[in-house]
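Take a look at the structure below.
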Amino acid sequence: MADPAPVCVAKPTDAQDLEKPHTSSGPSGKSTPSHHAGSDWATNARNPLNWSSARRWTIIVVLAITNFVAAMTTAYEPGLDQILRDFHAQGKDSLGALSISIYTLGYCIGPLIVAPVSEIYGRIWLLRVAYFVFPLTLVGCGASRSIGAFIAFRAIMGFAGIVFLLLGAAIVPDIMPKERRGISMGAMLTGAGLSLGPIMGGYIVERTTWRWIFWACAITFALLAAVGCYILTETYSPVLQKRAEQRGSDSETGAQAPSATPQDNLPVSSPFKRLIAILKGPWVRPAQILIQSPIVLLFAIYTTVTQGYLLLVFATLGLVYQAHYHFSPGASGLAYLGLAVGLTISQFTLGHLSDKYIARMARLHGAHKPEHRLPPLLIGALIIPVSLLAYGWGTHTHWIVPILASALFAIGYMCTYLPVMMYLIDTYPQYSASAVAACTVLRSICSAILPLAADPLYRRLGYDWGNSLLALIALVFFPCTVILAKYGERIRLRFEPNLEGI
């Protein structure tokens, strides 16, 4: 049997979902509609957009819980002092910060591999590998006997963790129509897990060893992995469409349809070219989106700053309550409740309101534009500097003030992060993994480095003036958000990356 046809799709234009009938070459060499699965793919029952609501929301819920539990690995932060003491690294705060930020190393490199490969092989293969690797790294962290081994397992954990975060976002446009993507994308975010993890970890550290933080997460994640591998299935339309066409073609000729393999989905014919495609894919499409689309680059730069600030707040909040307010490790974990409440409420509220807003704009203007996702960006750009000032100077007042400031910061952060993610998947629905990866890589590189500056920054300036400096930098970016919100459509249409054939 001839090699399968390319699993390629036309370049997305004006952010429209590509659900057009597939065409294939007929005997004359002309492009003719396929009579197997492609000609009516938009209405085909195998199309993930046509699956039942229960099936689609089950996938969203499983992936949301996966991201939540994966984010709970931040639970060890209240026990960081105990970890450094056990590894004879007391006083080396930079190592403690490195153990936190090293997780984002996987976010720096992983998207360049995960995104393009998921658009060649499909989503499910990568998810299953990550479900296997992630709990193993948790066990490795819990069993570590040196700070080097601990940091190494944390780095590997980041490579597995980015699969869930990146493909969770990519699967949203795979299975959800535009008017449901906001609430679905909000569910995928990990804010609540990031902030609730330290609360759980603080009490575990008080009652037993910090190692049980990782072992408890490993047990939980292993059970979740079994559920995820059983329930989740392929959602990427080009892969599913190609498999359906193969089945139809084989049934017409009387041949038995072969089982689908990842190699069947590669967009090139010879084994050598298939290998080149795998080696080439990890950087071409995400890099091309980042380089050829100025608006994606601007979003990446701005969200780099806000993501770095979020990690700074996470890295310092527990220490502030132990050093300034003399809270125990368990009680200092409760300081993250402000972040938990702010992130949880804003991610679901903002997603729901965004869906309602774009539906209203579509009725008024007759079309949906990705820029309709951006108005909350302006609100977040103002909230972030205000909340940083309140957090920094609030350390001189009652202990409740930094908690309230962190809740306000969480709302501001979500108002900048979620609209950008929704914008990307609406603009590049077929290449959503690569679009999110392009933004994630740059953001994660800086986010991995910035927390290392927390200790020298606050040692020299203190939390008050240190956060004042960060607030000033955040305020400088406000005009950029105005430009993005006002002229975003013009910039997007003027600089459209050519993704066809990659």
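Cβ coordinates come from backbone N, Cα and C, glycine included.
What TrEMBL lists as region 'Disordered' is 1-40 (among others).
Outside the transmembrane segment (57-76) by six or more residues, the chain places 83, 100, 103, 131, 134, 138, 141, 157, 161, 164-165, 167-168, 171-172, 175-176, 184, 187-201, 204, 210, 213-214, 217, 220-221, 224, 227-228, 231-233, 235, 314 with a CB less than 8 A from a CB of the stretch. The transmembrane segment annotation in TrEMBL covers 57-76 (among others).
Annotated domain 'Major facilitator superfamily (MFS) profile' per TrEMBL: 58-492, in sequence order.
The transmembrane segment feature in TrEMBL is assigned to 96-118 (among others).
Residues annotated as transmembrane segment in TrEMBL: 125-145 (among others).
Within the chain, the transmembrane segment (151-172) has long-range Cβ neighbours (under 8 A, six or more residues past its boundaries) at 59-60, 63-64, 66-67, 70, 73, 95, 98-99, 102-107, 109-111, 114-115, 118, 123, 126-127, 129-130, 133-134, 137-138, 140-141, 144, 181, 184-185, 188, 190, 235, 421, 425, 432-433, 436-437, 440. Annotation source TrEMBL lists transmembrane segment at 151-172 (among others).
Tertiary proximity for the transmembrane segment (184-206) is limited to same-chain residues at least six positions away from its ends with a CB under 8 Å from its CB atoms, namely 60-61, 63-64, 67-79, 82, 165, 168-169, 172, 176, 212-213, 216, 314, 318, 328-334, 336-337, 339-340, 343-344, 346-348, 350-352, 410, 414, 417-418, 421-422, 425. TrEMBL lists 184-206 (among others) with the feature transmembrane segment.
TrEMBL lists 212-233 (among others) with the feature transmembrane segment.
What TrEMBL records for 247-266 (among others) is region 'Disordered'.
Sequence annotations record features per position, and here TrEMBL assigns compositional bias 'Polar residues' to 251-266.
TrEMBL lists 295-321 (among others) with the feature transmembrane segment.
The transmembrane segment feature in TrEMBL is assigned to 333-353 (among others).
If you look up TrEMBL, you'll see 374-393 (among others) marked as transmembrane segment. Sequence-distant contacts of the transmembrane segment (374-393) (same chain, six or more residues past either end, CB-CB distance under 8 Å): 306, 309, 313, 350, 354, 357, 401-402, 404-406, 408-409, 411-416, 418-420, 423, 462-468, 470-472, 474-475, 477-478, 481-482, 484-485, 488.
The transmembrane segment annotation in TrEMBL covers 399-420 (among others). With a cut-off of 8 Å between Cβ atoms, the residues of this chain six or more beyond the transmembrane segment (399-420) that come close are 182, 185-186, 189, 191, 195, 299, 302-303, 306-307, 309-310, 313, 317, 320-321, 325, 327, 335-339, 341-343, 345-347, 350-351, 354, 373-377, 379-384, 386-388, 390-391, 439, 481.
Taken from TrEMBL, the feature transmembrane segment applies to 432-453 (among others). Proximity of distant same-chain residues to the transmembrane segment (432-453), defined by a Cβ-Cβ separation under 8 Å and at least 6 residues beyond the stretch ends, is recorded for 94, 97-98, 100-102, 104-105, 107-109, 111-112, 114-116, 118-119, 162, 166-167, 169-170, 172-174, 285-287, 289-290, 296-297, 299-301, 303-305, 307-308, 311-312, 315, 420-421, 424-425, 499.
Annotation comment: TrEMBL describes 465-485 (among others) as transmembrane segment. Within its own chain, the transmembrane segment (465-485) is flanked in space by residues 295, 298-299, 302, 305-306, 309, 312, 371, 374-375, 377-378, 380-382, 384-386, 388-389, 391-393, 416, 457-458, 491, which lie at least six positions past its ends and keep a Cβ under 8 Å from the stretch.
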Does the structure show the transmembrane segment (295-321) and the transmembrane segment (96-118) touching, where I'm treating 3 or more Cβ pairs under 8 angstroms (sequence separation 6 or more) as a contact? yes
Excluding the flanking five residues on each side, which residues at least 6 beyond the ends of the transmembrane segment (212-233) place their CB within less than 8 Å of a CB in that stretch? 58-59, 62-63, 65-66, 69-70, 72-73, 75-76, 79, 124, 127-128, 131-132, 134-135, 138-139, 141-142, 200-201, 204-205
Contacting positions for the transmembrane segment (96-118) when only residues 6+ beyond its ends and CB under 8 Å are counted: 73-74, 77, 80-81, 83-84, 89, 126, 147, 150-151, 154-163, 165-167, 170, 236, 278, 281-287, 311, 314-315, 433-434, 436-438, 440-441, 443-445, 447-452, 454-455
